[in-house]
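My structure is below; once you've seen it, I'll send some questions.
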Amino acid sequence: MSIQQALPLSGVAPERTGSYRTDHLLVADMVQPDSRVLDVGCGDGELLELLESRGIDGRGIELSREGVNHCVARGLAVVQGDADTDLVNYPDDAFDYVILSQTLQATRQPRVVLENLLRIGHRAIVSFPNFGFWKMRLQLLIGGQMPRTENLPATWYDTSNIHFCTIKDFVQLCDEINVKMERAVALDLYGRPVPLNLPWWVWNMFGEQGVFLLSRGGQGK
Amino acid sequence: MSNVRPIPSPSTPYDDRAQEVDHPSSLVAKFGMDQPLRLDCGVDLAPFQIAYQTYGELNADRSNAILICHALTGDQHVNNVHPLTAKPGWWDTMVGAGKPLDPEKYFIICSNVMGGCMGSTGPASINPVTGKAWGLEFPVITIPDMVRAQAMLIDRLGIATLFCVVGGSMGGMQVLQWTAAYPERVFSALPIACATRHSAQNIAFHELGRQAVMADPDWRGGRYVDEDTHPHRGLAVARMAAHITYLSDAALHRKFGRRMQDRDLPTFSFDADFQVESYLRYQGSSFVERFDANSYLYLTRAMDYFDIAADHNGVLAKAFAGIKTRFCVVSFTSDWLFPTSESRALVHALNASSARVSFAEIETDRGHDAFLLDVPEFFDISRAFLQAAGKARGLANGGSQS
């Protein structure tokens, strides 16, 4: 089953579906129509544009000036800023969803960032590369070197990814800070969802990245 | 000390400057006794006039009008030769064919602010009651007063909604005041290198400038026109001090370093040995050719009083509650007069109001003045913002590449 079949997105022309990144399509599918979304680390605005094409009111934060320029040229509302330092300035409950796509591992304080996401938004959507992916494990186990993949080609000394984690690690953090997982999807190397009925350790082994829809847990634990 | 040269008197004949004050070589909108300008200080100012320039054509929908708000010592001559200095327009870098603000696409308006000295009513204008220059009898003007006057001009031009209001520094303050006071009349806003309030440090610099003007014996309590004098030395010192705040340490060092002016050795005097001194004196003496000393007092005061949050119970976000205007806020890394932190505070407030805001900090070592200079990154983002806004506004060629 291809990802396109898995994600028939309303409002996205079928011939365009293929031009979007699969994790973006997955994220877009998690967002209810007519909602307000903040995309933290929005890059060149591809995901935001996809969301706005579906009638969602989107805002972005992006660290790089080139990224901001691209976004502004696309007519998107994007603020130059840093997830680590600027999220504190957003008021509580300002958005329906706050998205952190492939950025968590590059923050200095992932736990604080995650807490802020769910303070600003009623829900958070977080995707990140899974360091428990079998190829990663194999490179470390057999090769004895820090793993590098097609999606994460940087060497250890020049990578901006300073806080890698596995899907299992992330689930544990969500538990610790009382965050509820409403939906979890692991995508394999080809961007296909790992079947739902398989146990966690399979996800942690065969998921190249994880995409999570999160909400605030109940009071206390 | 015999070789110390004082700042020279203005070489522009006084009559030329006086001509521009009351009968400017610009378009003029006159408002009679029946249309007073209600000022924040409680005075109804009438009659009064607004001098302005326009570039390009208003389209049939009246939807392509851009208002440029000028900075403290700017004027309406954005994109044409200045009538007093014969220099090119002050924003030729930003305005013109193929530039971000292109008169081929937009109908561009710029008016001289109230309290100015290039044709809009100000302290140098003739008070119709006395037949003499207003001087310090002119009521104190605020940024909201300037914007109220501009709105009357826009009404007269038959424009309901401006496509964009744009400006830097004091011009940026007017942009923000426009969006706070008339949100439904501003489709998009481009406030540059500005703040929602004047900081204590900036008020302090302004006070320094005003004291320099008032300490000049030729100021004569503001009645220098009647007494046929001109406080050009005080005004020049004010300009020199202010000019330093518009630059940066890095920019001054790059431009001048410790290089000497037309000499190899120090003269062991207080003459302008260093190039940077000579440059500042030139800035001071050329400024007094075109600017009125009392106007300088009034306009610096207007900036000092500016504080949007104070007008909304101290909560900045309330000023922009529910606003539909699209914002693009721009700051410059080396600007220490209106540092990026001020722009960020504005952006946070706009975010808290759910406004549609973009923000970019442009990397440059040229200080506050960067918005007037050739900074390609700044033009890129301005152009991108206007083109995207033009598309949203339905302007026929707003989204096209130039």
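Each residue's number is its place along the chain shown, starting with 1.
Each residue, glycine too, has its Cβ placed from N, Cα and C.
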If TrEMBL is the reference, give me the range from B:1-21, B:211-231 marked as region 'Disordered'.
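Of the candidate stretches, TrEMBL labels B:1-21 as region 'Disordered'.
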In whole Å, note down how far the CA of B:D335 (active site) lies from the CA of B:R239 (substrate binding site).
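Cα to Cα, B:R239 (substrate binding site) and B:D335 (active site) are separated by 18 Å.
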Name the one residue among B:S169, B:H368, B:D369 whose Cα is closest in three-dimensional space to that of B:D335 (active site); these are the recorded positions.
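The smallest Cα gap between B:D335 (active site) and any of the recorded positions is with B:H368.
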Cα-Cα separation of B:D369 (substrate binding site) and B:S169 (active site, nucleophile), in Å?
9
Determine the most Cβ-crowded residue among the recorded positions B:D335, B:D369, using a 10 Å radius around each Cβ and all protein chains in the structure.
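In terms of Cβ crowding, the pick is B:D335.
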In sequence order, which residues at least six apart in the same chain have a CB under 8 Å from the CB of B:H368 (active site)?
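For B:H368 (active site), the qualifying residues are B:S169, B:A193, B:T245, B:Y246, B:L247, B:F332, B:D335, B:W336, B:L337, B:F338.
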